[in-house]
Every structure is written in structure tokens, then in C-alpha cells.
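Trainee: The transmembrane segment annotation in Swiss-Prot covers 21-41, 88-108, 120-140, 159-179, 208-228, 267-287, 301-321, 340-360.
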Amino acid sequence: MMDPAATSFWATPVGWTLVTAGQILAVMIWILLSLAFLLLADRKIWAGVQMRKGPNVVGPFGLLQSFADFLKFVLKEIVIPSGADKTVFLLAPLISFTLAFAAWAVIPLAPGWVVSDINVGILYLFAISSLGVYGIIMGGWASNSKYPFLGSLRSAAQMVSYEVSIGFIIITVILLAGSMNLQQIVASQTGGFWNWYVFGGPGGLAKLPLLLVMVPMAVIFFISGLAETNRPPFDLPEAESELVAGYQVEYSSTPYLLFMIGEYANIVLICAMTTILFFGGWSAPFPSDFTDSWAPTAASFYYFMWFFLKVIFFFFLVSMAKAIVPRYRYDQLMRLGWKVFLPFSLVCVALIAAWRVFGPAAAA
């Protein structure tokens, strides 16, 4: 039995701070380790599409390649252009890195496995993602070079354009779930894949008309997430054939590494958000009442594995898009966001709102 004095210590502000710091550290370590192997998988998939082997020298099957790259970046010299604003130049990648990891504070990995279970989790995520553009703009401006500056301007326009559509899509999920708490959104989709919001959410046969709305919304959300994170085929802010490396042209060593880690953390975050909002989060595709007899920790690991498998699946789609889809022109990118996704998502918000007011759920 736990000592009452120890129990009372963890209830104090100091104990709570230590517990929260431990949770944050555990989540950061999991994200960094996941990124190391997901980045390797990304390179392997790209190589496989091109009929190459990919990284296969460092460690068995190349599994340690990402760790070798980490050491390479950390041990290199930090080169700062002579005309750059040194303070802003070094602050920009730190902001991007910090915001990318701060967003994970509200992501539920399993029942109860969340650093901060706030009731406005979706609003928090939307705010954090909106702030991410500042690091890119600061990096492009502080470099005092035309290519980084053009890349940062492209990134700002691109992120703002697609955030509007993402916001409307999130509203449709909020209307169906009746909550902005991410754990409650996942909990409302338990009971089988037919209760996931991509299929209209819980409600039996009465919710079948919602399929015509929610399936396209899930697809648009995922595509908009690619544009939001500057991933191919929407990697115009760092298009090699036009801008060399975009806003990252003048960066090297650790600052470049921070930008890259922040970018991939955001990519995995989009995969996690797609999983949570439309594909049931940590819930299994089929009812899993047998976990009721399990120990809480074992059940949590079971649900966490489902969450992680779904995230890996969407990351695979991201990697395949990079390998097989050609890059959009800038005018095509803007047209897709403003003339296709935005009007469609706005109409879908109106349809979901009407369903909530006049549909079977309202009549019940």
C-alpha cells in the first residue's frame, strides 16, 4: 500500500509539476523515437518506388540511419550569413520546433494518456498550428536572402489559405460530437468502425446520408494537412527546382535539424488529427469489450497500438504522395484551396448544422 505521505506529496503543486514534466518528457521521447523510424520509412518508401534500396548501411537494415544523421547535424558548424539578423535567425527554428511539440500536449494517445485534457483541445490545436507560420516567416526574413524570403512568403500564403478549410472541417466534427474535447470526440466513436465520423458517426442507418458529406471532408482534411505542412505535392515553399530549399536555404547544423524535426512532427500531428477526428482515434475497428477484464495499463497499451497503427497508415499515404504525385503549380495550389476546398467545406458545415437541427437526432 502506498505511503499516505507520498500520496499527499504528489497532490502538492511541486508533485503535480514533477508528474506533468515527466509526462511531457515521455511524450517528447516517444515522438522523437517515432520520427527517427518514420523518417527512415519515408526514405525507404521513396527509394522503393524508384526501385532503389534506400538507407541500408548504418545498423541492421539501415535502422540507425536517422541517429547517424542526428549526430551529423549536431556536430556540424552552425553557419550564419553575414547579413542575417542573428537573433531572429536562431530564434526561428526554435519557435517552429517548440510549437510543433506543444501541439502534442492535447493529443490523446489512449484513454487517459494525454498530457493536458482540456475541454477546448481542438481550439488549442488550431491556435498552435496558426502560430507555426511565424517561425517560417522569421527564418526567411532573417536570412537576408531572396530565396528564403520568397519561400517564407509562399509558406505563409499557403498555410493561411488551407487553415480556413481545415477550420470549417473541424467545425463539422464539433457539430457531430457536441464537444471540443479530443478525448470525448474519440469516446463518441467507440463501438466499431461504423461509428467513426468518416462514416457519419454513431446513429445507425439513420446517419447514412452523412456519408456523402463526411467521407469527402475527411479526404479534404488530409489533403489540406499536406498543404499546411508543406508536404509534396504542395512543397512549393521549398521547391528545389525554383527556390533551392526555400526558407531553409541558409540554415545548417542544429538550426536546420530543429526545422526538420518540427516539420516532421507536424506531419505526424496531421496524421494523428485525421485519426482522432475521423477514424476513431485509439478505438479499435471492432467492439473490444474483452479489454474490460484487463489491467488498466494493458488495456491502455492495446488502445495505444490501434492509435499508432492508424497514424502509421496515414504517414504511409503521406510518403506515397511524395513519391508518386507531381508538384502543383502555385496558381493551382491557390485555386484548389480557395475555389474548391473552401466553398465545399462551407456548404458541408451548413448541411451538418441543418442535420443537427432538423435531422433524426433532433427529432429524438
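Placed from the backbone N, Cα and C atoms, the Cβ positions cover glycine too.
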Trainee: Using a Cβ cut-off of under 8 Å, list the residues of the same chain at least 6 residues beyond the transmembrane segment (208-228) that approach it.
Mentor: 129, 158-159, 161-163, 165-166, 169, 172, 176, 197-201, 234, 266, 270-271, 273-274, 277-279, 314, 317-318, 321, 333, 337, 341, 344-345, 348, 351-352, 355
Trainee: Establish whether the number of Cβ pairs under 8 Å between the transmembrane segment (267-287) and the transmembrane segment (340-360) reaches at least three, counting only pairs separated by 6 or more residues.
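Mentor: No, the transmembrane segment (267-287) and the transmembrane segment (340-360) are not in contact.
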Trainee: Using Cβ atoms and a strict cutoff of less than 8 Å, what residues sit near the transmembrane segment (159-179) while being 6 or more residues removed from its termini?
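Mentor: For the transmembrane segment (159-179), the list is 119, 122, 126, 129-130, 132-133, 136, 185, 188, 197, 200-201, 210, 213-214, 217, 220-221, 224-225, 227-228, 230, 277-278, 333-334, 337-338, 341-342, 345-346, 348-349, 352-353, 356.
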